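These come from TrEMBL:
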TRANSMEM  7-31  transmembrane segment
DOMAIN    67-249  domain 'SMP-LTD'
DOMAIN    240-362  domain 'C2'
DOMAIN    399-519  domain 'C2'
Amino acid sequence: MGLLSSLFGLCGFGVGISAGLVIGYYFFIYFQPSDVKEPTIRPLVELDTKLLQRMLPEIPLWVKNPDYDRMDWLNKFIESMWPYLDKAICKTAKDIAKPIIAENIVKYKIDSVEFETLTLGTLPPTFNGMKVYITEEKELIMEPALKWAGNPNVIVVVKAFGLKATVQVVDLQVFASPRITLKPLVPSFPCFAKILVSLMEKPHVDFGLKLLGADIMSIPGLYTVVQEIIKEQVANMYLWPKTLEVPIMDPSKAQQKPVGILHLKVVRAIKLKKKDLLGKSDPYVKIKLTEDKLPSKKTTVKRGNLNPEWNEEFNLVVKDPESQALEFIVYDWEQVGKHDKIGMNVIPLKDITPDETKSLTLELLKNMDPNDTQNDKSRGQLVVEVTYKPFKEDELMKDLEEDSMAVQNAPEGTPAGGGLLVIIVHEAQDLEGKHHTNPYVKILFRGEEKKTKHIKKNRDPRWEEEFQFMLEEPPTRDRIHVEVISKPSSIGIHSKEALGYVDINLADVISNKRINEKYHLIDSKNGKIQIEMQWRT
């Protein structure tokens, strides 16, 4: 009976399942709605935030924030360059890690720590967008949004107390928002002296850590603790305003800061060559330091004199005594036409002993070509006295350690109650002339006029030229006149055009030591000019 009951129960169960499947199939086929509705199509702007996030879980920053720029081109560039960047970055990482490891192995009594394998893998990081800040200083600030889910292979071998342990880092993920600052911007390649990197928020770091072949990050609770420790340590070192500084160039060479002052006295000339028809000349001397963009200095003109005496003194700022030279050119002044060159000579600064006054009698030459036979002809002599006074070493080191935007001290020889007024013409924007726009800047101060070079066909010119005025007292009540002028082309029929001007009060410069601002040009519709002024005492 028990066997018979079991057989019937099994049959009944089988019949029930079969009947259920047949009935279900019948309802599924024959009771489907025949009227199929078209799907509702709505513009993205009409969808709410939650629905958009479900549709687009990874919205790029350049979509969500209009102040972020797309970086597709950079991602393609990094993808192509990644095999080479991988090797370069790993080499740099080893160089940075060596002194840190050397310092800590002594502290923790470890025998050695070595990289057995170090590679960042085949997957490069990607940038979702980049924000760029524009300031009035000589710097470039960028904030990229970095995401990297890589497959690096980092194997570190640690030896201590006679034991050897191998640690491997795999499956690294880093999401970070760094701020990268290139400063100061300088006129020599690669055009910046330092890279400053800081984090704007704590980074997200995820990785696997294998010890002796086993993934120790799978230990309950350890993963969270290690991740938080890493975040805190990284934040303590590099969270803004703390920075990682990577030097690219020697700041002293990059910025060419003054390293000394050259005191020069042009005493007299002897037996100058006759240039005028009446057997005389009207000589003056033009003085300039090579590799210096500042205008040449000039003596007064001595009329009708082949043995003139000047006894005039000049101060010149020296930036590189090893490569610079002091150049003298004696001219015969002409009231009409080009001034005739009588002769020239140079004194390499490396030949001048510091802090010693040297009296020199220079033979005037036609040019500095030693093979030119015309240099054998007598053109006269020039008598000068030179003294090179380098700045003290502690002052130089202090200058190099200070930020590039700091105001330097005035050179030695500056009047005790006065100082050095430095005018730096950076750039102009939105200039517009009626007939031409070939702008240059003219600076008028206390009757002295200085000019920048003129730039052809440019509404947004950049000059980056510096001018200096040595003053006996602070110009607290003075104003400086800055005017932008367009110079016509040589074949043009139009005359010069004034593109705008500005008069700047110097009282704020004296009190603040430094001002770097953009000024709206008067008599210009949209024109602006960026002027930096420093008062060095």
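Note: Cβ is positioned from N, Cα and C throughout, glycine not excepted.
When averaged over the domain 'C2' (240-362), pLDDT in the model lands at 80. DSSP states for the domain 'C2' (399-519), grouped as helix (H, G, I), strand (E, B) and coil, give 9 helix, 55 strand, 57 coil. Sorting each residue of the domain 'C2' (240-362) by its DSSP state yields 8 helix, 56 strand, 59 coil.
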